[in-house]
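> Can you keep this structure in mind? I'll have questions shortly.
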Amino acid sequence: MPSVSESDELIFFVNGKKVIEKNPDPEKNLLFYTRKVLHLTGTKYSCGTGGCGACTVMVSRYNPKTKKIYHYPATACLVPICWLHGAAITTVEGVGSIKKRVHPVQERLAKCHGTQCGFCSPGMVMSIYTLLRNHPEPTPDQITEALGGNLCRCTGYRPIVESGKTFSPKSTVCQMKGSGKCCMDPDEKCLKSREEKMCTKLYNEDEFQPFDPSQEPIFPPELIRMAEDPNKRRLTFQGKRTTWIIPVTLNDLLELKASYPEAPLVMGNTTLGPGIKFNDEFYPVFIFPLGVPELNFMDTTNNGVTIGAGYSLAQFKDALDFLVSEQPKEKTKTFHALQKNLRTLAGPQIRNMATVGGHVASCPNFSDLNPILAAGNAIINVVSREGKDRQLPLNGPFLEKLPEANLKPEEVILSISIPYTAQWQFVSGLRLAQRQENAFAIVNAGMSVEFEEGTNTIKDLKMFFGSVAPTVVSASQTCKQLIGRQWDDQMLSDACQLVLQEIRIPPDAEGGMVEYRRTLIISLLFKFYLKVQRWLNEMDPQKFPDIPGKFVSALDDFPIETPQGIQMFQCVDPKQPQKDPVGHPIMHQSGIKHATGEAIFIDDMPPIDQELCLAVVTSTRAHAKIISLDVSEALACPGVVDVITAEDVPGENDHNGEILYAQSEVICVGQIICTVAADTYIHAKEAAKRVKIAYDDIEPTIITIEEALEHNSFLSPEKKIEQGNVDYAFKHVDQIIEGEIHVEGQEHFYMETQTILAIPQTEDKEMVLHLGTQFPTHVQEFVSAALNVPRSRIACHMKRAGGAFGGKVSKPALLGAVCAVAANKTGRPIRFILERSDDMLITAGRHPLLGKYKIGFMNNGEIRAADVEYYTNGGCTPDESELVIEFVVLKSENTYHIPNFRCRGRACKTNLPSNTAFRGFGFPQATVVVEAYIAAVASKCNLLPEEVREINMYKQTSKTAYKQTFNPEPLRRCWKECLEKSSFFARKKAAEEFNRNNYWKKRGLAVVPMKFSVAVPIAFYNQAAALVHIFLDGSVLLTHGGCELGQGLHTKMIQVASRELNVPKSYVHFSETSTTTVPNSVFTAGSMGADINGKAVQPWSQCPRKCPRKFQFC
């Protein structure tokens, strides 16, 4: 290869500061670099795959060809550090900070109550901020689209979107509590009516600082000079294992590809990155040709458009938008189809990183674009060093990765050519996914048909389906057989049969849902048939009949709309003293810190001297004996300090049925067998892969509830409640129905995974733990038992958790003990941050449930008898399963008084990771069963479900099935108000009318009552304690036993203390929850944290006012 001038100096900017790295390691990513090297911890690590948006940053680059600066969002977890040459990166710290200046985006997100746990907030800020850099006055739709790649598990998105909409000139009105008008409308003359309907704001827009786009930081001029330098040099960065090469010209790129034919071309790293992370893919050389001009262009001709392979998917969409606006509609049918799918493909971050060439070359089986490109007769233009330009049809053989149709190792995709559509050609892209944005399709398709001119005779037909096989597949044989046929119902019927014969999904196909996906294949084909039929009618209404009116709704796609909502809440009493903050919509105590990234979570804490990182080794068998455990190879790995096993637990390895480290037997996939402590997490993870474990499977392996019932495998005794004479009542009813309902589990997916920092102390066997938990006392208990030391020597500190939803009640105790044992053995601090995949594997989630019911009722809908059985899948250890099934049984009647009622429940023991507390704690699953039989009764009696609900609802004060006196008056009043204020029956009637007129698209409306008792049926769990320090300067330090999970608990406690002490809330400070300040605290869960802790704060705050001497603040 001829000599080329090279450099090994990486230059980029972060928050306006120049960064120069000599020979950076290509295996390091931007997220690692910002957090561990630059110590900018506002950018969060959550999923590690670019799917959640918590690590969003703004990338700015200068294009010397257009002379423009481009700003776009990117996920730092997927951006290799070497990718940054010539770029300016802005993190949340660069947007604004409390110490310098809070940016309007950050301020409004906080003041509009758009933060709860705060872990996703920096990513939200960066997405909105990037949008404002490109569109200073965005539309509501642009705001919604900008947030499409950001996940939030707390807020429900409404307040986040509302904060973004404050920058839009198209502001919304208050809608007068649902009237659709504004309380300031001049035609609303009645003052009393105005006051009654007026919307009390949750924030005051007048308090917002103005947004001035002209005051944003400028793009570094040095990077402009670098981009325009005519004498650019090739960059080569040599890491420990890999080399990263950045060519400057196309010839340089082709030389490199010839020299390293197996080296992947990295553009956005959205495919390679996850493959390297999760599939252990390794490449010794990477080639990064993003700046090669020949890969970045758009060219239009009389035949179509050619798009450079280096165009990002976002640029591709912009180009298509332009072409569609400029060209006749008949020529741009392929462009229209691509446009639509590009709006929903992944999120904005991925669309701005992934490139057209990379997407085509990787040929993912779930691709939303490749089936359309193939249906539209796209051509791949490739080139190699030998100068052999080739044109590859983007067709079935290419997508199915047949060798004769694939790229040669030394070839580079230069561009993609997409021809215009002919007058009598129709192209469509179709997809069905679990959500519209940022989700892989369950099934997708690209289809095209061309007719003989002026007829409906098929001249050419193409059908490609994705997500049904390891590759995108072509129904080529079906298409051949249909050529020459008329486009009519008989053709459709034959096509459906032929397609299902040609495209077979094996029973064990990845992703499951085999029958459902087979149905979706036919569904998409039918939808395409209708679209073409409608198009033919538009071409010649006289010759081609329109589709039947009842089928029209099948043509319309569900629009992605900016969410609209109405809030109803209790207004503050005008007689309440102005300085009394209770009841006021106060911003979250840490809201600004959340939005600026200055709120410290566990992994944001600075490293401690001699700190080690911990990686887990988990079981790959569901039920087996451990024959041998060989850790010798792991101990020999670089940076490894020790491997910790059950033998290293000085106290109890099995505490209350929960096993820290598996010893002789594993009882589920994901059970911790050992952990590896090393100087870095990367070293620990690599060493963990080298632990060798030999197993001998044990039978039975119990996975499902049905298998547990077959083997009589349970975690706890049966729970039962009964009233009346159930068996007798069944003999005296008009009808009896029986059925069963399966409710599957659910993953918590808190944004911050389980995180622990354990610090062994030099004296008295003390151990300090910092962690995100809902139950510090439980962690203290487990660590004490594992280390065999008194609880008084275990200090658990908890400032905040990045979401929990029940998943951090019991699991942090087990993991905290695992971490503490490692810290105890090594004598060094241990940082234990679970990867998302490990977290989901180890911690499980909501209990799957099987409900069986037998219901006896009269013909008027009155239920006289019910016999219900519930079985939950508890997993392999007790955890919270006994309490969950108890809740299921106790809440199994919901709001209905059934005079003869029997309910039984058991938690099944299976060889799955133990399920645990989850929001609702069994009630959602049980309610699904209850409402299922309510609906079944309604159907049998030819009544509305709402009528059956009201007939059976508690009517007067009486005892529940669990013998508690219950006054139903508030329930019935609430039911009536909900029906009236929602205009329920009028809206339901409108939905039924819509359904009569629309065969395929349907609307539904339901209202379900709920009787959910707050608190736990164990007395000592319904208590709390608080500690109030009052200092000589009048400031107050408040401490209580509750945990901040995003619900604003500390903010509420500050409000309580402020009222009781009669001081401004700014005088009251809350630092952290700790077992050293408030011992023996209970868990924060079940919607009772504010109630019990508030009552604990209240009397201690009243003490100064009750003292004999006058108490006065300075």
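Every residue gets a Cβ built from N, Cα and C, even glycine.
Computed from a predicted structure; not experimentally measured.
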> Given that TrEMBL annotates Phe805, Arg919, Gly1086 as Mo-molybdopterin-binding, name the residue from Gln774, Gln956, Gln1055 that shares the site.
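Looking through Gln774, Gln956, Gln1055, the residue TrEMBL assigns to the Mo-molybdopterin site is Gln774.
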> For the FAD site that TrEMBL assigns to Leu265, Val266, Met267, Gly268, Asn269, Thr270, Thr271, Leu272, Arg431, which of Asp206, Asp368, Asp489, Asp494 is also named?
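Matched candidate out of Asp206, Asp368, Asp489, Asp494, per TrEMBL for FAD with Leu265, Val266, Met267, Gly268, Asn269, Thr270, Thr271, Leu272, Arg431: Asp368.
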> Which whole-number mean pLDDT does the model give the domain '2Fe-2S ferredoxin-type' (8-95)?
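Averaged over the domain '2Fe-2S ferredoxin-type' (8-95), the predicted model reaches a pLDDT of 96.
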> Specify all same-chain residues, apart from the site residues Cys117, Cys120, Cys152, Cys154, whose Cβ lies within 8 angstroms of the center of the Cβ atoms of the [2Fe-2S] cluster 2 site, ordered by sequence.
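Filtered neighbour residues, in order: Thr115, Gln116, Gly118, Phe119, Ser121, Arg153, Thr155, Met751, Gly802, Gly803, Gly1046.
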> Can you tell me how many other Cβ atoms are located within 10 Å of the Cβ belonging to Cys120 ([2Fe-2S] cluster 2 binding site)?
30
> With the Mo-molybdopterin site defined by Gln774, Phe805, Arg919, Gly1086, which remaining residues of that chain have Cβ atoms positioned within 8 Å of the Cβ centroid?
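Those within range, site residues removed, are Ala804, Gly806, Gly807, Val809, Ala917, Phe918, Phe921, Leu1045, Thr1084, Ala1085.
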> How would DSSP class Cys77 ([2Fe-2S] cluster 1 binding site) in three states?
helix
> Beyond the listed site residues Cys47, Cys52, Cys55, Cys77, identify every same-chain residue whose Cβ lies within 8 Å of the center of their Cβ atoms for the [2Fe-2S] cluster 1 site.
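After dropping the recorded site residues, what remains is Leu31, Lys44, Tyr45, Ser46, Gly48, Thr49, Gly50, Gly51, Gly53, Ala54, Thr75, Ala76.
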> At a 10 Å cut-off from the C-beta of Thr271 (FAD binding site), count the other C-beta atoms across all protein chains.
19
> Would you please pick out, from the binding-site residues Cys52, Cys154, the one with the fewest other Cβ atoms within 10 Å of its Cβ?
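Checked Cys52, Cys154; of these binding-site residues, fewest Cβ neighbours within 10 Å: Cys154.
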> Tell me which residues of the chain lie with their Cβ under 8 angstroms from that of Arg919 (Mo-molybdopterin binding site), as long as they are six or more apart in sequence?
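Once residues fewer than 6 apart are set aside, Arg919 (Mo-molybdopterin binding site) is near Phe805, Gly806.
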> Rounded to the nearest Å, what's the C-alpha distance separating Asp368 (FAD binding site) and Cys52 ([2Fe-2S] cluster 1 binding site)? Just drop the number here, would you?
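One finds 20 Å between the Cα atoms of these residues.
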> Here's one to test understanding: among the binding-site residues Cys52, Cys55, Thr271, whose C-alpha is closest in space to the C-alpha of Cys154 ([2Fe-2S] cluster 2 binding site)?
Cys52
